[in-house]
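*Asks:* According to TrEMBL:
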COILED    223-250  coiled coil
COMPBIAS  9-19  compositional bias 'Polar residues'
COMPBIAS  95-110  compositional bias 'Basic and acidic residues'
COMPBIAS  146-176  compositional bias 'Basic and acidic residues'
COMPBIAS  193-207  compositional bias 'Low complexity'
REGION    1-25  region 'Disordered'
REGION    89-110  region 'Disordered'
REGION    146-208  region 'Disordered'
Amino acid sequence: MPLQDMSHNEQQPESWQTKGKQKLRKLPGVKQIINHLGERKRVSDLDEKSRKLEDAHRRALLTSTSEHDLVRARAERAALEHEVALIRRKKKEQKRLEEKRRRAETERAELVQQERQLYEQQLEDERRADEEQARLEADRRAVAERKRRKAEEKKAAEAAAEAERRKQEAEEKQRIAEQQANAPAPNPPPPVQAAAPAPTATPARVAGVGAQSGPHVELHQKYLALHQKLKLLRQNLSAAKQQYPNLKKDLGDFKRDVRKRMSQFTEQKEKNKEIFRLLTDGVKKGNMAAGPTIDVRDYIVQPLPQDVNQNDNQVPALRIFLLNIMAKSAVQQMIVAAGPKPETADPLGLACVLVFANTDLRWQGFPLSDILLAKLHRTVPVLFGINGKEDTESGRKNLGWAREPHAPDGDWLSEQQSTEKWIGLGAGFAACTLRVYRSPALNPLPPTLFWESTARLLNTPVAERTQAHFFLLKAFVEYATPKIIGTFGRAGALLIRRAIVSYPAESHGAKGANSLASAAIAVKRDYNLIV
């Protein structure tokens, strides 16, 4: 069938249905029924739609409630985890603080224990030193007693020999007289030989200077004599203990306090300031303690100013005693601490200058720094122009070589120990003498001492230069170059050049001369100084 006819046949039923509906609607009451049915359908549709919306709303509420519960659960879990984390963090912090507190208490207890051990060790060292001093004094007295007995025995033997000789001469004269009386012709008496003259005593040399001479040797002898006086001062104070009941306790307390302070210096300047104050206060307190007085002029080597009233010459013996203890401790710390680590010498030098410059510890404004210089003359005489050969006993004594502790006649210290000693003393001497004061009159250890000592070292003949010369100069240059140039300017730079360039070149092959070559490298590296 053609396509158009098919379309026509399909449209016929639809047209019929439409017409039927229109006729049905025209019947009475049908329209109302249709409207009623339509209304019911709309209501039903609305109810269905409302029900669906209610179901959808209920499902949304359930979903929202579930999600809300989930979010709340998550929030509660997060809050719980945060609280747990806070508790853990708090416990961890408490544990850390507790550990820190325990560690601080442990360190404090260790520090207290160390200080106690140090104090006990100092007491033990002092006891041993006292025992050793007593033993040495007993040995000295025993040696002196043996010498005295030998001298008395020798004198008695000589007297007996002289008496025997005179007796023989008398008998010989009597025999000759008898022979002359009996003989017809007297024979001339045999000639009597005159007795040989007794040898004249040569002046004794001061120990430690050998056969050297000159003004610097005479000055060195005066300082050695002062050192001996300082050693005898303690015995004199011991004899005064009966007159001053508290003197024995004061001597021990003040001495321990000074030694303790001198061993507490560090690289922390603020801490050192407190130690300087305590050290100075301790010496001043000892200066005010009850005790005997002495003539201060016996402990001064330098010429006194003309305005000094020499009639007012009495000062507390404890002042000299404590200044001597401080000087001794300072030199010992220079050797022990500044030898391996020269930069630690600076607070030691500053402490010496501060104490000896203190107006309360001077005598009529005159500093008693000769006490420290006497100790340095005894410990390192080469600084003051005293030389000697390192390969002889007397030469090493002249140079200040030390022996093993508690062995005055035993082995010498090793070269390594002696090297550290020279370096420590060199750094300490520079730290003491390179302090510039606004008023030179107030400086107890002026820079001229450093210049004179360095000049003596540099002017030592090549044949007499030793390891002590080289390592002292090494300490001067490596430790004190800025202070040397700051004090002496251009002359200081020339002095450094002489010490690290021409001086070792002249001493080529000498033991220890190479140490100045390393000093030249250190000067260039640390101070950017090209000489």
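Our numbering is plain: 1 for the first residue shown, then up by one each step along the chain.
The backbone N, Cα and C atoms fix where each Cβ goes, and this holds for glycine too.
Please treat TrEMBL annotations as automatic predictions, because they have not gone through curation.
Help me see these features in their spatial surroundings.
*Replies:* Across the residues of the coiled coil (223-250), the predicted structure has a mean pLDDT of 84.
For the compositional bias 'Basic and acidic residues' (95-110), no residue of the chain approaches it from at least six positions outside its boundaries, judged by C-beta separation under 8 angstroms.
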*Asks:* By Cβ distance under 8 Å, which residues at least 6 away from the ends of the coiled coil (223-250) in the same chain are close to it?
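*Replies:* For the coiled coil (223-250), the sequence-distant neighbours (Cβ-Cβ under 8 Å, at least 6 residues beyond its ends) are 206-208, 286, 289-292, 294, 298-299, 301, 317-318, 320-321, 324, 370-371, 373-375, 377-378, 384.
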